[in-house]
Amino acid sequence: MARGKAKEEGSWKKFIWNSEKKEFLGRTGGSWFKILLFYVIFYGCLAGIFIGTIQVMLLTISELKPTYQDRVAPPGLTQIPQIQKTEISFRPADPKSYEAYVLNIYRFLEKYKDAAQKDDMIFEDCSTVPSEPKERGDFNHERGERKVCRFKLEWLGNCSGQNDDSYGYRDGKPCIIIKLNRVLGFKPKPPKNDSSETVEIYSTMKYNPYVLPVQCTGKREEDKDKIGSVEYFGLGGYAGFPLQYYPYYGKLLQPKYLQPLLAVQFTNLTTDTEVRIECKAYGENIGYSEKDRFQGRFDVKIEVKS
C-alpha cells in the first residue's frame, strides 16, 4: 500500500518536472516557446483585426455631427426648476418650502447673466426681435468655434430674478423657466397661422413667423378654471422661442451655446388645490409621444398652500 502511494507521488512529481527529458508539465522548453509564440501571434492578429475594424468605422463617423439623424426624435420640452415627480408644492409664507425651487432656478440662470456673456469673441447680439435661423456654415473645423447669440435675463421680466429674487414664489405667483432641449442642427418650423389649432393658440398670444410658440393650459377640464391668468416673458415679448438661436452646432463648435428661454408666471392659481398644467410647443417638426412625456410638451403639478 505504501509502495503504491510512493509510486503515485513519484509519477505526479515527474509530470511536473521530468529531469530525464528536461520537461515541465509534459513539454520541453522549446515546445513551450513555440506554443507561447503561436498564441502571441494569434491574439496579436485578432487584436489587429479588431483595431483595424474600429479605425475603419471611426473614419465614417464625424465628431461634429451624427452621420444619421433621420431617426432622432424631435426635441423635448423641459422646465426649471427640475423636480422629481414634476410637482411643485409650497407655502408663500414659508421660505423653506420653496427654497429648493428658487435655488434651482438661480443656478440655472447664472450662465445667462451679463457677466457670463461679455466675451465678444464668443458672444454676439442677434437682435431684440425674432428673426430667421442663423446659419453659421458647415459642420467642420475650418471656421473654428462658432459665435453664440446672447440672451439677456431682462427679457424674462418678472421671472428674471433681477427685481424679485424669489421668482414670484414669495407672493404665491410661481415662475417656471421653459427650454427646448438641444438637438444638433435642428431648426424649428413654427406652425402656419391658418389652421384651426393655430387660430386658437394665437387668439391668446402674439403671432410671429419667427417664433416657435409655447402655451401652458390646464391639463384637465377641472384645471382650466383653476389655473387663472398666465403671463409669458420671452424675447420681444413673444411666448415662444425665437429662431435666430437655431441651429445648434454642438459642444465642440459652440461650447458656450445658450438656449433661448421662455418664462411663464402663474399669477392667481387657486390655492390649496393641486392644479395640473400642460405646457406644449407647437411646430411643423415638433412631435409628441405617449411614451415620452417630455417630447414637445410636459406636465407639471403646482399647489400653492395658504
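Positions of Cβ are set from backbone N, Cα and C atoms, glycine also.
For Cys216, the disulfide partner named by Swiss-Prot from the candidate list Cys159, Cys175, Cys279 is Cys279.
Between Cys149 and the candidates Cys126, Cys159, Swiss-Prot records a disulfide bond only with Cys126. In the shown protein chains, 18 other C-beta atoms lie within 10 A of the C-beta of Asn158 (N-linked glycosylation site). Long-range neighbours of Cys149 (disulfide bond) (same chain, six or more residues apart, CB within less than 8 Å of its CB): Phe123, Glu124, Asp125, Cys126, Lys134, Gln244, Tyr245, Leu258, Pro260. Outside the transmembrane segment (35-62) by six or more residues, the chain places 27, 139 with a CB less than 8 A from a CB of the stretch. Ranking the disulfide-bonded residues Cys126, Cys159, Cys175, Cys279 by other CB atoms within 10 A of the CB puts Cys126 at the bottom. Taking the Cβ of Tyr101 (phosphotyrosine) as reference, residues of its chain lying under 8 Å away and at least six apart in sequence are, in sequence order, Pro81, Ile83, Ile88, Phe90, Tyr167, Tyr169, Pro174.
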